[in-house]
Amino acid sequence: METVMNQPNMKQQKQETKRTLKEKATQALGISEADAKLSKSYMSVAFLALLIGGFLGLLQGLERAGLVQMPSWFTYYQVLTAHGLLLVLVLTAFFAIGYFYAGLSHTLGGVLPHVRTMAWIGFWMKIVGFVFAVIPVLMNDATVMFTFYPPMAASPLFYIGLALIVIGVWICAFGAFINVATWRKQNPGKHIPILAFFATGVFVLLFFGSIGVTIEVIMLIFWSAGVMETINVMLSRTLFWSFGHTLVNIWYLTAVSAWYVIVPKIIGGKRFSDTLTRVVVAMLVITNIPGGFHHQIVDPAMGPALKYMHVFMSLSIAFPSLMTAFAMFYVFERTGRAKGGKGLFGWLKKLPWKDVRFLAPFIAMVAFIPAGAGGIAQTTNQLNQVVHNTMWVVGHFHLTVGTSVILTFFGISYWLIPYLSKRVLTPAMNKVGVIQTIIWTVGMFFMAGSMHYVGLLGSPRRTSYTTYGDHAVALGWDPYMILLAIGGTLLIIGVLIQVYAVFHLMFFAPKGQTEFPIAESEEPQEQSPLWTDRWGVIIALMILVIAIGYVVPLTDLIVNAPPGSPPIRTW
Ligand code: HEM
Ligand SMILES: [Cu+2]
């Protein structure tokens with residue numbers, strides 16, 4: 001009996017030793033050349049997008065302060081469209097995919113060769129898609145902002161480009177699923193390594209979260225090409241925000257993965273409960289997609305019941321965020337005390353403040369406190385009426401994405417790029433990173449701070465410089481706009497330093513070994529219950545919640561459709 005039982009086990013065991021050997025080799029020798037090249041390419045595109053997008057942002061800031069006038073061949077709104085696309089779509093997507101593919105390679109013993117091919121196909125599809133989308137933007141034929149709300153209609157090429165980008169992302173998502181599934185088959189009964197677990201969550205959201213917008217974009221292609229005469233504007237906006245909102249949380253979850261897994265290692269501690277971490281990821285994945293309605297609070301054609309539900313869905317995302325805040329400060333205090341920190345706050349002094357790999361994500365986390373509070377304010381119906389479409393909102397997302405997420409990404413770059421290029425972060429380059437982090441923080445403080453405030457005074461977003469015929473209220477905004485421009489100027493210095501650091505670490509820093517920092521869990525990962533890894537169940541629950549959120553309103557918007565709109569060129 002025993003031998004019969006043992007036979008498949010032995011085969012499994014053999015496979016397992018083979019696998020663990022490969023995993024050990026990856027961990028000891030570092031990433032394979034092929035996997036490194038893939039992630040480095042993704043990172044290069046991300047930071048080039050930061051460079052160009054940053055300069056466009058500065059132009060906008062100077063224009064809104066009345067210091068610069070845009071020429072007729074490159075208008076404020078063209079710049080705004082390109083700034084949004086480059087920073088919100090290109091930078092974040094390329095960074096997240098490059099980072100998680102490096103994480104998969106490191107924790108699963110290498111990316112499978114055919115998965116790597118998929119990631120390359122995805123890479124080029126996204127690049128081609130972006131070129132398609134950007135050509136009409138440059139020709140002033142797609143000045144529709146990154147939200148491309150109909151009835152503003154761009155040239156069909158713009159939407160075809162967007163569709164290619166989405167398909168490129170899907171190919172990368174499926175590549176990741178294949179890699180994780182293969183690993184699980186070869187490691188039965190084992191937990192997915194935590195970083196690969198986060199990657200799975202992010203790619204699940206990327207795939208399911210973009211189905212709605214893909215349907216929208218396909219309709220827009222036919223509509224802008226004249227095949228369909230009219231478009232259902234409300235349906236389009238709803239489909240867009242099912243994606244737009246999810247995308248926000250994809251960046252957030254990417255940053256959170258570094259907070260849970262990487263930062264504890266960098267400060268010399270252990271990560272917080274493995275079970276709780278997995279539960280937080282699952283909760284974020286399950287509750288996310290229907291939160292999109294909080295971007296449509298002032299939209300017509302949505303009943304109060306639906307708007308009430310959105311409050312619940314939005315706040316249910318605040319819950320895992322608060323769990324994260326608790327977990328992070330727990331880790332900081334434990335680590336600081338283990339290093340001899342005494343008293344109520346003595347442990348704070350023991351944290352490695354001069355290490356950019358810690359400082360940047362730490363400030364990112366702190367920024368998330370006011371950023372999250374502002375988000376909760378915006379999600380409240382009455383308060384939303386006050387700030388909707390004002391500069392407040394622009395301040396809000398420069399604090400969330402432009403600070404919490406991006407500073408975490410910057411912090412990651414100071415170990416990930418040397419890890420990929422088999423180089424090291426020198427003390428001098430670390431100091432450059434610390435200075436850049438401080439510049440970014442101060443710049444964003446001024447820029448996002450004045451955006452919030454001038455928004456409360458009524459200054460609209462997405463509006464080029466105007467004094468409304470020297471109206472007193474509009475003139476009152478000017479001092480804050482100058483402050484905004486000063487913040488923007490600091491930020492562009494930050495952008496230049498950051499891009500310099502990335503390419504220096506990629507090509508010129510001294511050769512050497514850099515570790516991929518993954519913290520061990522306080523209680524061994526094996527003790528976490530295995531149900532936390534049941535992605536089938538998590539996805540089923542997610543689909544259920546999406547159905548609760550969307551079936552009734554979408555049916556309503558289709559069955560009781562408002563009159564459709566023909567394509568309109570407003571610029
Ligand atoms: C050099 C740094 C930056 C500067 C000076 C800057 C400045 C600005 C300004 C002035 C606006 C336009 C406000 C309006 O008229 O509505 C804007 C919009 C925006 N920015 Fe930035 N920004 C910077 C970095 C970033 C980063 C890092 C991100 C995200 C990762 C970002 C994302 C956005 C988005 C999504 C919009 C909205 C575009 C739209 O309304 O269609 N920005 N930015
Ligand atoms: Cu949202």
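First residue shown is number 1, and so on along the chain.
Placement of Cβ uses the backbone N, Cα and C atoms for every residue, glycine included.
Whatever TrEMBL says is automated annotation, not expert-curated.
On a predicted model such as this, the values are computed, not experimentally measured, just so you know.
Summarising the annotation, TrEMBL assigns domain 'Cytochrome oxidase subunit I profile' to 42-503.
According to TrEMBL, the transmembrane segment annotation covers 42-62 (among others).
Annotated transmembrane segment per TrEMBL: 82-105 (among others), in sequence order.
The transmembrane segment annotation in TrEMBL covers 117-138 (among others).
For 194-223 (among others), the entry in TrEMBL reads transmembrane segment.
Per TrEMBL, the feature transmembrane segment maps to 243-263 (among others). Counting same-chain residues at least six beyond the ends of the transmembrane segment (243-263), those with a Cβ under 8 angstroms from any Cβ of the stretch are 88, 92, 95-96, 99-100, 103, 147, 194-195, 198-199, 201-202, 205-206, 208-210, 212-213, 271-272, 277, 280-281, 284-285, 288-289, 291-292, 294-295, 317, 324, 327-328, 331, 358, 361-362, 364-365, 400-401, 404-405, 408-409, 411-412, 415, 517-519.
If one looks beyond the transmembrane segment (275-293) by at least 6 residues along the same chain, the residues whose Cβ comes under 8 Å of a Cβ in the stretch are 194, 197-198, 201, 204-205, 208-209, 238, 241-246, 249, 252-253, 256, 260-261, 302, 306-307, 309-310, 313-314, 316-317, 319-320, 323-324, 327, 521, 527-529, 532-533, 538, 541-542, 545-546, 548-550, 553. Sequence annotations record features per position, and here TrEMBL assigns transmembrane segment to 275-293 (among others).
Long-range contacts of the transmembrane segment (308-332) within the same chain, counting only residues at least 6 positions beyond its ends with a Cβ under 8 Å from a Cβ of the stretch, are 249, 256, 259-260, 263-264, 267, 269-273, 276-277, 280, 283-284, 287-288, 290-291, 293-294, 296-297, 347-348, 351, 365, 368-369, 372, 375-376, 379-381, 549. What TrEMBL records for 308-332 (among others) is transmembrane segment.
If you look up TrEMBL, you'll see 358-377 (among others) marked as transmembrane segment.
Away from its own ends, the transmembrane segment (397-417) comes close to residues 39-40, 43, 46-47, 87-88, 91-92, 95, 99, 102, 248, 251-252, 254-255, 258-259, 262, 266, 356-361, 363-365, 367-368, 370-372, 374-375, 423, 425, 429-430, 433, 436-437, 440-441, 444, 447-448, 451, 498, 501-502, 505-506, 514-517 of its chain (Cβ-Cβ under 8 Å, at least six residues beyond either end). The transmembrane segment annotation in TrEMBL covers 397-417 (among others).
Within its own chain, the transmembrane segment (438-460) is flanked in space by residues 61, 363, 367, 374, 386-387, 389-396, 398-399, 402-403, 406-407, 410, 473-474, 476-477, 480-481, 483-484, 486-491, 493-494, 497-498, which lie at least six positions past its ends and keep a Cβ under 8 Å from the stretch. TrEMBL lists 438-460 (among others) with the feature transmembrane segment.
Outside the transmembrane segment (480-503) by six or more residues, the chain places 43-44, 47-48, 50-51, 54-55, 57-58, 60-62, 64-67, 410, 413-414, 417, 429, 432-433, 435-436, 439-440, 442-451, 453-454, 457, 459 with a CB less than 8 A from a CB of the stretch. Feature annotation from TrEMBL assigns transmembrane segment to 480-503 (among others).
Taken from TrEMBL, the feature transmembrane segment applies to 535-552 (among others). If you look at the transmembrane segment (535-552), the same-chain residues 6 or more away from its ends with a CB under 8 A from one of its CBs are 200, 204, 208, 212, 238, 242, 282, 285-290, 293, 306, 309, 313.
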Inset, instruction - For the transmembrane segment (42-62), name the stretch out of 82-105, 117-138, 194-223, 358-377 with the most CB-CB pairs under 8 Å. - result: 82-105
